[in-house]
Each structure stands twice: as C-alpha cells, then as structure tokens.
Amino acid sequence: MTDLGIAIERMEQLKESIDIGYLCICAAFVLLMQVGFAFLEGGCLRYKDMQSIMLKIFMNTCVTIIIWWLVGYGIAFGSDSKEFVGSSVYVGFDMKNSKHLAEFAFQTAVASAATSIVSGGAAGRMTYIGYFILSVVFSSVIYPFCAHWGFGNGWLMKLGYHDYAGSGTIHASAGMGALMTTMLLKPRNQRFNPKYAEHFEPNNPIYITLACLSLWVCWCFFNGGSSLGIANGASVFMSRAIMNTFIAGASGALTVFFIYYLMNIDQGNRYSLVMICNGNLAGLVAITGPCDNVDAWAAFVIGILGGMMMVFANRVLFNLQIDDPVDAISIHFACGMLGANLVSWFDMDTGIVYGKGGYQFAVQMLGSFIYIGWSAIIHLITLLFIEKIGFLRVTLEDEYEGLDPATMGCCAYEMVEQQQ
C-alpha cells in the first residue's frame, strides 16, 4: 500500500473513531434523561407516590436494556433488515465492530426514554407487576417495530417518511401508550371532585423545574445524536438539530407562559412554574421530528405551535375527565403527532411552505396513524390481559394511603405543617 493509501485509511479510521466517541457520549446523556423523567414525574404526583413512580422508571430502564440486548435492537436495526422487521444481531450476535456497539448503546438509551413516557399514564395507581409486564411488551414489540419502520430502513422510511429523532416514532407511539394505560386504569380516586382538587397538585415544582432543565440539556444529545456521527457531513445535521432544539424549547416555554398568564390574569395564580416547564417540553417534542432540516425561524414557529397544542390537549383531557397525572399525553402524544406532521410543512427540501407539494404530508399522516394504531392495539391487548390476571390497578386502600407507605413502608419524605 502506498503512503497515500495508508494516509487515507488512517483518516477513515480517525473519522470512525470520532463518530464512535461522539455516539457513546450521546448515549450516556440520553440515558441520563431517565433522571429527568424520574424527578419530573415524582414532582408531579402526591408526595406519597414519589418513590413508586421512580421505582417504575428505574425498573423500566433496566427492563428495556435487557430486552433490547435480547431482541429489541435486532427487530429495529438488524443488519439483515427487511421492510417489516430486522432479522439479525439478536442477543448481541454479529455486532462485530465498535460503531455497531456504539449504535446499540445509543438506540437502547433512546428506547429506555420511550418506555418511560408510558409510565406517565400508569402513575399513582398501577401495580408494579402490571407495569413490569407492560414495559416488557412495549420494549420488545411496540417500539422496536415502530423504530424499524421509521428509522431502520423499513417500509415507512422507504416511502419517504421523515422523523429525524422521533416525534411520531417515539413520542406519539409512547404517548398513545400512556393514553391507553390511563383510560384502562380510569382516574385516580376523587381526581375530578373539585372538593379534593388541591390533593392532586404537583408536590414539588422545584423537582419539576430542575428535571425539565436537565431534560433540555439531554435532549440536545437525543436530537443531535440521531445523526449517528459527526464525520462525512453529518455535523451539519447535528449542529442544526441542536440549534433548533434550543430555539423550539424556548419558544414553547414562553408561549405557554403567556397563554397561562392571559387565562388567569385576574387570579392569584396567574404564573405557573409547572406550566412553563410543560411548554418547554412541548416545544422539544414538536421539534424532535423535523429538527435536522428546518430553518431557525421554523423551529421558533414549531415551538409556539407545540406550546399551543399542549395547552389545548390539556384542556380537552381535563374536560373529558381523562386523568393525565404528569401531562404525558398532552405533551408526548399531542405534540408528537404535531411534530411528525409539521415535517411536511417546514422541511427545507420537501415542505409545503417551500412549494414542494403534498406527497410528504400524505406520507407523514400515514406514518403517524400507523404508529398510534399499532401502539393502541398492542397496548389494549396487553392491558386487558394484565387486568384479567388481576395486576392492573392497586386497591383503593393502597391508593388512598399512598403507594409509598402501602408498598414500601414509608414515604420519601414527610410533609409537616409548621406551627404559627
């Protein structure tokens, strides 16, 4: 081999090493999102249920990692991929190079985040065994197939469906799982009785805020890491994705801040720390799908639309008396559907705004409905099975006492009234 050939080979090895290092860093930060989800959901519930939801998130993280090593990654990203399902790298076999191992770590961390979204619908009233079964099904059947169709060179991807980091593939499908779960579980006892409204207020807005800010940081690695590297031109998509993640998160938060203020301008609670956090997450979910190929102004608009969608969905769910304890449905399902379909409007190559026609719109709509339909059907079957074997909902006595004292013997901390 000539000196030039050796130099080229070493350059390619260096590029691959840079990609692998970048992907491993992104994987670690995406896994760190579980901390954000734990504190976010723990802060939203009664203080008597904090440990229970954190246990469920820790448990579903462990379940997802094992399941993805066994079958999930192979279904989604098997190297002998067919249009419907992958057919290799089960139980880690055939992962013969470092890039493959790094991609496994990143995609497994992403799958763990997706599973945690479903936990929002189970908060405060589902048994641990029931949620364990649900996590196994979501991480082995529901999400891996969605990932293959949209990310793993599956049939939707071949049709032209574009969902860069997963507004529809991840958030809408998992948000539908949260919706099906909360509908089968039914509302928490006395949830919609005005007399007990204060009992269901978030117990720790500080936890929620810190969790939201940490999620915003990790989301940059979630969206930016979806380039799967930074060499060979991928850095353009990575940097644009991170920039748009900044902008949409900010515009979503400010939108909800002002909407909430105007809706409550004559009341004492015209500002809400929790709602500005929800607006931030709504903007982040909405930008996740189109983040790689939209202009900054479009990211700003997408964040605004995400914030508006979250407020609207929140009101609809409350009026229908659908108990969404941590706003997982209004944020992930509603804004995930929105983000997946805004690709067809704002994408610089295929968007309607740029005069590219409606084909992309049709494909994005098809993908969105396939994902929510698949998720709804499998979740319904699984939840009915869990109910049949008696592990769906905790007893009213345990729910009233609080899942922490009823199942763990104590609360994470005690609320003590100060004496004047």
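Glycine too: its Cβ is placed from the backbone N, Cα and C atoms.
Positions annotated as domain 'Ammonium transporter AmtB-like' by TrEMBL: 23-413.
According to TrEMBL, the transmembrane segment annotation covers 20-45 (among others). Remote same-chain residues near the transmembrane segment (20-45) are listed as 51, 53-54, 57-58, 61, 98-99, 102-103, 105-106, 108-110, 112-113, 116-117, 119-120, 123-124, 202-208, 210-212, 214-215, 217-222, 224-225, 228-230, 274, 277, 325-327, 412 (criterion: CB distance under 8 Å, separation of at least six residues from the stretch ends).
Within the same chain, residues 31, 34, 37-38, 41, 85-92, 104, 107-108, 111-112, 115-116, 118-119, 128, 131-132, 135-136, 139-140, 143-145, 147-148, 151-152 sit at least 6 positions outside the transmembrane segment (57-76) and bring their C-beta atoms closer than 8 Å to a C-beta of that stretch. The transmembrane segment annotation in TrEMBL covers 57-76 (among others).
Residues or ranges marked as transmembrane segment by TrEMBL: 104-124 (among others). Nonlocal intrachain contacts for the transmembrane segment (104-124), taken as residues 6+ away from its ends with a CB within less than 8 angstroms of a stretch CB, comprise 23-24, 26-28, 30-31, 33-34, 37, 41, 44-46, 49, 52-53, 56-57, 60-61, 63-65, 68-69, 72-73, 76-77, 89, 92, 95, 130-131, 134-135, 138-139, 143-144, 147, 166, 170-171, 173-175, 177-182, 185, 188, 222, 225, 228, 324-329, 332, 399, 403.
Residues 56, 59-60, 63-64, 67-68, 70-73, 75-78, 81, 84-86, 107, 111, 114-115, 118-119, 122, 161, 163, 166, 168-170, 173-174, 177, 181, 367, 370-371, 374-375, 378-379, 382-383, 385-386, 391 of the same chain, all 6+ positions outside the transmembrane segment (131-152), place their C-beta atoms under 8 angstroms from a C-beta of that stretch. What TrEMBL lists as transmembrane segment is 131-152 (among others).
If you look up TrEMBL, you'll see 164-185 (among others) marked as transmembrane segment. Sequence-distant contacts of the transmembrane segment (164-185) (same chain, at least 6 residues past either end, Cβ-Cβ under 8 Å): 110, 113-115, 117-122, 125-126, 134, 138, 142-143, 146-147, 149-151, 222-223, 226, 237, 241, 285-293, 322-325, 328-329, 331-341, 343, 364, 367-368, 371-372, 374-376, 379-380, 383-384, 387, 392-393.
What TrEMBL lists as transmembrane segment is 206-230 (among others).
Among the features that TrEMBL reports, transmembrane segment is placed at 242-263 (among others). Outside the transmembrane segment (242-263) by six or more residues, the chain places 216, 219-220, 223-224, 270-272, 275-284, 286-287, 290-291, 294, 296, 299-304, 306-308, 310-311 with a CB less than 8 A from a CB of the stretch.
Annotation comment: TrEMBL describes 270-290 (among others) as transmembrane segment.
The annotation transmembrane segment is assigned in TrEMBL to 296-317 (among others).
Sequence annotations record features per position, and here TrEMBL assigns transmembrane segment to 329-346 (among others).
Per TrEMBL, transmembrane segment is recorded for 366-386 (among others).
When Cβ-Cβ distances below 8 Å are used as the criterion, the transmembrane segment (270-290) is approached by residues 40, 44, 162-171, 202, 205, 208-209, 211-212, 215-216, 219, 222-223, 244-245, 247-257, 260-261, 264, 298-299, 302-307, 309-311, 314, 327, 330-332, 335-336, 338-340, 342-343, 346-347 of the same chain, each at least six residues removed from its ends. Over the domain 'Ammonium transporter AmtB-like' (23-413), the average per-residue pLDDT in this prediction is 93. For the transmembrane segment (329-346), the list of distant contacts is 117, 120-121, 162-163, 167-176, 178-179, 182, 278, 281-283, 285-290, 294-295, 298, 301-302, 305-306, 309-310, 312-314, 317, 322, 352-353, 358, 360-361, 363-365, 367-368, 371-372: same-chain residues at least six beyond its ends, Cβ to Cβ under 8 Å.
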